[in-house]
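Remarks on the structure that follows.
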Amino acid sequence: MAPLAARRPACLLALLSVAAALFLTPTALAAGGKTGQVTVFWGRNKAEGSLREACDSGMYTMVTMSFLDVFGANGKYHLDLSGHDLSSVGADIKHCQSKGVPVSLSIGGYGTGYSLPSNRSALDLFDHLWNSYFGGSKPSVPRPFGDAWLDGVDLFLEHGTPADRYDVLALELAKHNIRGGPGKPLHLTATVRCGYPPAAHVGRALATGIFERVHVRTYESDKWCNQNLGWEGSWDKWTAAYPATRFYVGLTADDKSHQWVHPKNVYYGVAPVAQKKDNYGGIMLWDRYFDKQTNYSSLIKYYA
């Protein structure tokens, strides 16, 4: 099979020609199983514009803010939204929710300032999350977004050890998965590396069986699993291992990345493969900043 990612703009036409020759069939064109679901990460670059602007674009069905990047044994917490004015984010969250776009918070990220080495640290993190961003109201816990109430938590656990207790955190969050009345869940998601099986600390959390969705990052330079090599086999394993969880294909909107996939290749290659699975959920985009530059979501949304 031809590689799906565009390695260089110079070879783009060649890639498209090969993809068209391989995939231009009635089955590929039908591309069943579409959901129209597109999740985007927001908060990694101040130049990406406001959260309100992202929701008003009409391109996304969920926005994940990133990251709460410090937590764990030392009892300290840090929210990094890349210099965005936090005083306006609360109103933007409510605006997004009024438009039917849920907003979640991703914890972890690419830094190394987090861990959950014990049950106690996991419960302490839950307490911080619940009182800072959800339904809690401890006077001693500041609320960065005022009385805005988020819709979910995403685990983006790039670093960790087998001792980390993200399973305890997930189970505690699941006990509080109704916000504001019946039918309003606290969405519990995870954003994982492409390769399967996952690292031990991620696998232990997912083994709880309570994650609503998982975003599989196929756009990074993982030697054994990326858009040039191996992602389809890993996709099969991920979706089979957790049949009750919805899986999202993670794509980059950065057209300068070696792992960027041309929209036509999403249509002819990525979407038909991903949508064969009964628990296909949609597409996750990294991230709003790149998408604003390239308008990638406007080109792939209707293939999702």
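Placed from the backbone N, Cα and C atoms, the Cβ positions cover glycine too.
Straight from Swiss-Prot, the features:
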ACT_SITE  E158  active site, proton donor
DISULFID  C55-C96  disulfide bond
DISULFID  C194-C225  disulfide bond
DOMAIN    36-304  domain 'GH18'
CARBOHYD  N119  N-linked glycosylation site
CARBOHYD  N295  N-linked glycosylation site
REGION    178-184  region 'Interaction with fungal GH11 xylanase'
REGION    262-275  region 'Interaction with fungal GH10 xylanase'
SIGNAL    1-30  signal peptide
Rounded Cα-Cα span from C194 (disulfide bond) to N119 (N-linked glycosylation site), Å: 28
Mean predicted confidence [pLDDT] for the domain 'GH18' (36-304): 95
List of residues, in chain order, with Cβ under 8 A from that of the residue listed as 'active site, proton donor' and at least 6 apart: G108, G109, Y110, R193
N295 (N-linked glycosylation site), number of other Cβ atoms within 10 Å: 12
Nearest recorded site to C55 (disulfide bond) by CA-CA distance, among recorded positions C194, C225, N295: N295
N295 (N-linked glycosylation site) and C194 (disulfide bond), Cα-Cα, nearest whole angstrom: 24
Structural state census, the region 'Interaction with fungal GH10 xylanase' (262-275) (DSSP three-state): 12 helix, 0 strand, 2 coil
Chain-internal residues near C225 (disulfide bond), provided their CB is under 8 angstroms and they sit 6+ positions away: R193, C194, G195, Y196, T218, W231, G233, S234
Distance, N295 (N-linked glycosylation site) to C96 (disulfide bond) (CA atoms, angstrom): 20
Helix, strand or coil at C96 (disulfide bond) [DSSP, three-state]: helix
